[in-house]
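Structure first, commentary second.
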């Protein structure tokens, strides 16, 4: 057994956001952390000590969701400006814009193969997008209120979504149909996700609850009420054995799902915790909150036996007796309440408004031209050569983190000089084209919703006609029997 600190510890805090940190995600290689904020900016934090951070500018409203592609070559962000952007995490800050929603986009996620995106929106729809061709594919329309979150299953065959209609819905991607609905919420369902095996989904609510459902049996198997305010977010540990949640009560809770108990309460944020995320290897997790802080924590879940940990903590922890199997997998909904004896972790967090690490701002100049590139399906920034010293960096980006900053700085200067040569008349024309394309996209989205409603009404009419025809045939048959055989 490895010798490590026994409790989760605060490793680092990142300074750079100026407003609520609304979302977070680690890169697949665990070398970067992406965060989005109500300050409209996407930040990429390099986890190598003393490395620069990068602020990507382009969204015109609050960023609500962020997710790395499985390869780490793209970052997707969703925003209240009704768009989704695909960024290349480099100094150029290039982005491709997706737009088909007609209201705020609440969440975004890549499928496990990196070929699709799923988004949730206040227009009451869940939409699926093709990444390679950069186009909208289809909508899933059955929610009756704002949709707050949508997630792919690990195998990509299902989508789970939740929203302000107080439901969690499960969708079959092949048939594009809602195959199950989970209810029993006293308020909005705020977040949903699959566990690593894809056999269960967890959902959180504004009613302070966190529930885990087995989608093979469609049963609620665990029900936690450990927070004293609404649960805003959560993240499964890659092992599937633990879950961390963030709440408006300013705390994070770590749950042992095998034991069915709360094991840690973590403090550190001065206000609601809005985002939590485990790293891909489970060794780290990040949290973001209304205090503009981004905190990075170290875990010990894979290296310590928790039963041994409990025995060593016996003086400050008095856990309940080990639960019966039916407490973990009950026949009926089972509520787990907060325990007074959980381990409380309250680190001292320094002021996060100072300017460390150094932040490089990128992406502002490319805002309008990126929109055009998204609609004519041009290649993304990762497929385009980078002139000057940036070329060497892109080939060896993952090998030398410290050298990347200097190379990025050189290519940044060159790229800005190149972009400044665009005639103003051409830029104005391109902006007008983008505006017209946005209007057309919104029109298509509205027409699609109306078509869906029309199809539903036609289906209802056909069903009624079939029913009337059956009733008519039954009446005719009874009349013939009453008349009897003819003479």
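Using N, Cα and C of the backbone, Cβ positions are placed for all residues, glycine too.
In TrEMBL, the annotation region 'Disordered' applies to 371-423, one of the ranges 371-423, 424-476. The stretch from 14-47, 98-139, 182-223, 224-265, 266-298 with the most CB pairs below 8 A to the repeat 'WD' (56-87) is 98-139. Broken down by DSSP into helix, strand and coil, the repeat 'WD' (224-265) contains 0 helix, 24 strand, 18 coil. The stretch from 182-223, 224-265, 266-298 with the most CB pairs below 8 A to the repeat 'WD' (14-47) is 266-298.
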